[in-house]
Amino acid sequence: MASLSISIGTHLSSTGHFKNCSLPQTQNSVPSHHCFGSSLCRTRGSRLLGNGVLARAEDKARGSTSSSSSQPQPNSNSENPLEELTQKSGSCDPLCSLDEISSSDFEATYQPKTDLLKALAVIAATATGAVAINQSWVAANQDVAMALLFGIGYAGIIFEESLAFNKSGVGLLMAVSLWAVRSIGAPSTEIAVSELTNASAEVSEIVFFLFGAMTIVEIVDAHQGFKLVTDNITTRKPRTLLWVIGLVTFFLSSVLDNLTSTIVMVSLLRKLVPPSEFRKLLGAVVVIAANAGGAWTPIGDVTTTMLWIHGQISTLQTMKDLFVPSAVSLAVPLALMSLTSEVNGYGQDSSNVMASEQMAPRGQLVFFVGIGALIFVPVFKALTGLPPFMGILLGLGVLWILTDAIHYGESERQKLKVPQALSRIDTQGVLFFLGILLSVSSLEAAGILRELANYLDAHIPSSEVIASAIGVVSAIIDNVPLVAATMGMYNLTSFPQDSQFWQLIAYCAGTGGSMLVIGSAAGVAFMGMEKVDFFWYLRKVSGFAFAGYVAGIAAYLAIHNLPISLPTTVAQVPFLSGS
C-alpha cells in the first residue's frame, strides 16, 4: 500500500513524531528502539517511557528509605523522587510521551512565521465557513464552494508540519464541510442523504479492511513473528546484502503494507549494519522495494486495496500483469546502486549493532496464522463473493480466538492479545483515510470529478500519460486522495476492470512515491527512523527511483503491446480466475 498503512500509501507524520526523551537506562528498563508495527513505536514508546520512569522513581524511593536509616544524606531529595529524576534526566517530563515536547524545547523552536501561517489558515477556513452559511450563494455556486473547501483542506493536509494541524482532523472537518455544502446544493436533502449513504457503504468497506489488517499485523508483531524472516538474513557482503534486503522487502511488502515492511526491515538494518552512508543507502532500498512490492498485489498497498475493493482490478490478473513491471522498478535501482562508491567502498563489518529480542511463546504459530489470514482474503472473496473486509474480519476472529487460547491464564502476556493490539494500531491514520475518501466521494456526487475527467480527456488523449503523471504527482501529494479522485473521475464504463489504465494507476501510484522521501509512508518512516535528510535522498536516491519508475512503465507497455506471451497457468485455477 504507497501507501496498508495500511499504513498503508499515506504520510506518516500524523502518526507520531520521532522525538527522544533523554531518560537514563536501567537494567530493568525495556528498550524501545527495536519495535516493529504500524504504530511506529509511538504508543508503545510512550508507555514504556512512562512506566520506566515510574519504576525508577519507586526504586529510588525504596532505596532512599532503606539507606536513610543507616547514614544521613543531606543532599538527597527522597521526598520527591519524581522531581529529582526529572532534573537528572534532562528536559523530559516524568510522564513524557513521544508526541510531547517540553516548554524549553518549545521556546527554542518557536517561530513567528509558523504562527502567522496558522492564523492565515484559520482566517481562510473561517471565511469559507461564513460563505457556506449563505445558502443561496452555495446553492448557486456549489462547484466553486466545494472546490474552495477541498483546496483549503488539502493545503492543511500538505502543510500539516508547518501548521501543526493533525491531518486526520483536517480530513474529517473537510469531509463534513463538503457534504454539508452538497446537502445545500443538491436538488433535495433526500438526494444528498442517499448519496452519502451509498458513499459511506463503499468507504466503510475500506476502513473495516484496514482495521482488520492492521490489527493482524500488530498481533504478529507483538509476538516478534517477523523474526522468522529477518533472522535468516546472514550475509554481510555489501553488494549481496543490497540485493537480499531489496528482494526480502519486495516480497514482504506484497503481503504486509509498505509502512510495516519498512519498519521491520529498517529495524533489521540497525542490527546488521553500523551507522554509515551504506546503511542509509540500504534504508533507501527498503523504501523503493516496499513501494514496488505493494503495487502488484491487492493487499500490498492502500491504493491497490481501494482499486481492488471497488472492482477496478482483480486479484490474479493484477498479480500477473504488474509483477514484472514492479520487479523491474526495483531491479533497475538495485543494479545502478550496486555500481556506486557507497556500496563498493564499504568495509564488511559483521558486528551486530543491536541485540535481538526473543520471540514470544507460540510466536511461529501466530506468524503463520496471521500471514495465512492475509493471503486467504482474495481466496475468500473468490469462493463466497463477499467483500474483502469480511475475509479480513474472519482472519481477525480466528487469530483473536487463537491468542486467547494460547495465552489463557497468562496475565503477564496481556499485551500479546487482541484488545491490547487494538490500542496500538494507527487509528488516526484510518480516520485520515475515512475523511479523504468521504471528501472525494462528495466531489464525485456533485459531478466535479466527472467534469475534470472530461477536461483531461479533451487535452490529454493518452490514458497512459494521465496514469504516469498521477504517479509523478504522488511523489509530492499523498497517493490515497489521488487514486480516490481518479476512481471518481473514471468509472468502469470508461475503463473496464483490469484495463491498462487501472493497472497503470495501481503501479504508478504505488511506485511513484519512491522518487521523493516524503512521497510515501514508507519514505517518511525511513526519514524519521534513520534521521535522513530530504536533500540527501534527493541527491543519492531520487534519480535511481525515477529510472526504475520509468523502466517499470516501459516494461508494462512492452508486455501489453508486443507479441509476448507470459505463463498463465495460475490464472486457470477455477476458484481464483476473475477474483
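Any Cβ shown, glycine's included, is placed from N, Cα and C.
Annotated by TrEMBL as transmembrane segment, the relevant range among 140-165, 192-217, 504-529 is 504-529.
Non-local neighbours of the transmembrane segment (365-383) in the same chain are 213, 216-217, 219-220, 223, 225-226, 228, 255-256, 298-299, 315, 390-392, 394-396, 398-399, 402-403, 406, 575-576, 578-579; each lies 6+ residues outside the stretch with a CB under 8 Å from one of its CB atoms.
Contact counts against the transmembrane segment (541-559), taken as Cβ pairs under 8 Å, peak for 281-299 among the stretches 241-269, 281-299, 430-449, 469-492. With a cut-off of 8 Å on Cβ pairs spaced 6 or more residues apart, the transmembrane segment (281-299) and the transmembrane segment (430-449) reach fewer than 3 such pairs and are scored as not touching.
Per-residue confidence over the domain 'Citrate transporter-like' (155-487) averages out at a pLDDT of 83.
Here the transmembrane segment (430-449) has long-range neighbours at 6, 8, 10, 14, 142-143, 146-147, 150, 153, 167-168, 170-175, 178-179, 181-182, 185-186, 192, 195-196, 199-200, 202-203, 206-207, 210-211, 214, 302, 306, 478, 480-481, 484-485, 487-489, meaning same-chain residues at least 6 beyond its ends whose C-beta is under 8 angstroms from one of its own.
Here the transmembrane segment (504-529) has Cβ contacts under 8 Å with residues 1-3, 5, 7-13, 17-18, 40, 258-259, 261-263, 266-267, 283-284, 286-288, 290-292, 294-296, 300-301, 303-304, 307, 312-313, 318, 322, 325-326, 329, 463-464, 467-468, 470-476, 479, 482-483, 486, 537-538, 541-542, 545-546, 548-549, 552-553, 556 of the same chain, all six or more residues outside its ends.
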